Amino acid sequence: MKLAVIPGDGIGVEVTAEALKVLGKLVPDLETTEYDLGARRYNATGELLPADELDQIRQHDAILLGAIGDPRIVAPGILERGLLLNMRFQLDHHVNLRPAQLYPGALSPLAAQPEIDFVVVREGTEGPYTGNGGAIRVGTDHEIATEVSINTWFGAERVVRYAFALAQTRSKHLTLIHKTNVLSNAGAIWTRAIETVGAEYPDVETAYCHIDAATIYMVTDPSRFDVIVTDNLFGDIITDLAGAVTGGIGLAASGNIDASGTNPSMFEPVHGSAPDIAGKGIADPTAAILSAALLLRHLGREDDAARVEAVVAADLATRGEGPISTTEIGDRITAAL
């Protein structure tokens, strides 16, 4: 397995090291190449994503990312657009995969729920994040700004197809979340994609939920969801809520996936770089380790992925409230494998 590693900034470096321990234990032929991308690199050289390094990254089987950003040295927005979004578009990471599972011992406002275990499949390369828009008369009382949301049949259909295939392996239930009663043009594409692809999956039950209602149900009745498919903007919102109800984004893993397999997919914890605690050895690497499990599953190593998730669940259940270091968590999980 050839793995491109981007530790990034802050605690990204620390949690990535623990995820690599886990991968090294399970993958004897693991080959890693580290790429120094992020706030430190940009602050020192002005480089965000050099073309030659992106070409090198393309040659790997997958990418493991830590966390990017440090507002103390790089203004917000520069790295998000110039590095993260740029990489997403360049590598056609059209599926953003966000599992949401409430593990034993996780602190959640919904801890009394019998079970929370669903997955959000978010479209990753369209919607209002394509940079299609602009502003005129800036700074005047007549300023006008537009952000155009791009929705294509090609983009929606391939993400919906991925979601149906995933639902087939789980509880065979798929929910489309959108706002079709107001966003009728984009909504029509997504609805037609569900109907068209759904005809190929007759045993997968489908449902529809408006985005505003979905935020209520995710808090009051999360067990109604198994696989959720949605567009880029709604997915951005709903996945953070999913993280909150399952113990916080500190436990949330994610995958940015090119479902065609043409480009390597990237896996990362959802949390940020937290420069205020970097170097203190107190960052929780659980999300990075669960992201490594997603990476293993994506590359066809289902048994290894399931082992990691089971060990993480057992570790969380016995962790308690006392302080525990980043490396200790990584060592315990690695040893238990």
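Glycine residues also receive a Cβ, built from the backbone N, Cα and C atoms like all the rest.
Sequence-distant neighbours of Arg88 (substrate binding site) (same chain, 6+ apart, CB under 8 A from its CB) are Gly124, Thr125, Asn256. Look at Swiss-Prot and you will find Arg88, Arg98, Arg122, Asp212 tagged as substrate binding site, backed by sequence analysis.
Annotation note: Tyr129 (site 'Important for catalysis') sits in a helical segment as assigned by DSSP. The site 'Important for catalysis' annotation in Swiss-Prot covers Tyr129 (among others) and rests on sequence analysis.
Under DSSP, Lys179 (site 'Important for catalysis') is assigned to coil, being neither helix nor strand in the three-state scheme. Counting every protein chain shown, the number of other Cβ atoms lying within 10 Å of the Cβ of Lys179 (site 'Important for catalysis') is 18. Sequence annotations record features per position, and here Swiss-Prot assigns site 'Important for catalysis' to Lys179 (among others).
The secondary structure of Asp212 (substrate binding site), as reduced to three states from DSSP, is helical. Annotated Mg(2+) binding site per Swiss-Prot: Asp212, Asp236, Asp240, in sequence order, evidence recorded as sequence analysis.
As annotated by Swiss-Prot, NAD(+) binding site applies to Gly272, Ser273, Ala274, Pro275, Asp276, Ile277, Ala278, Gly279, Lys280, Gly281, Ile282, Ala283, Asp284. Summarising the environment of Lys280 (NAD(+) binding site), the number of other Cβ atoms within 10 Å of its Cβ, over all protein chains shown, is 12.
Fewest Cβ neighbours within 10 Å among the binding-site residues Ala274, Ala278, Ile282: that distinction goes to Ile282. Comparing the binding-site residues Asp240, Asp276, Asp284 by how many other C-beta atoms lie within 10 angstroms of each C-beta, the top residue is Asp284. The DSSP secondary structure for Arg88 (substrate binding site) is helix. When the recorded positions Lys179, Asp236, Asp240, Ala278 are screened for a Cα within 10 A of the Cα of Arg122 (substrate binding site), the ones that qualify are Asp236.
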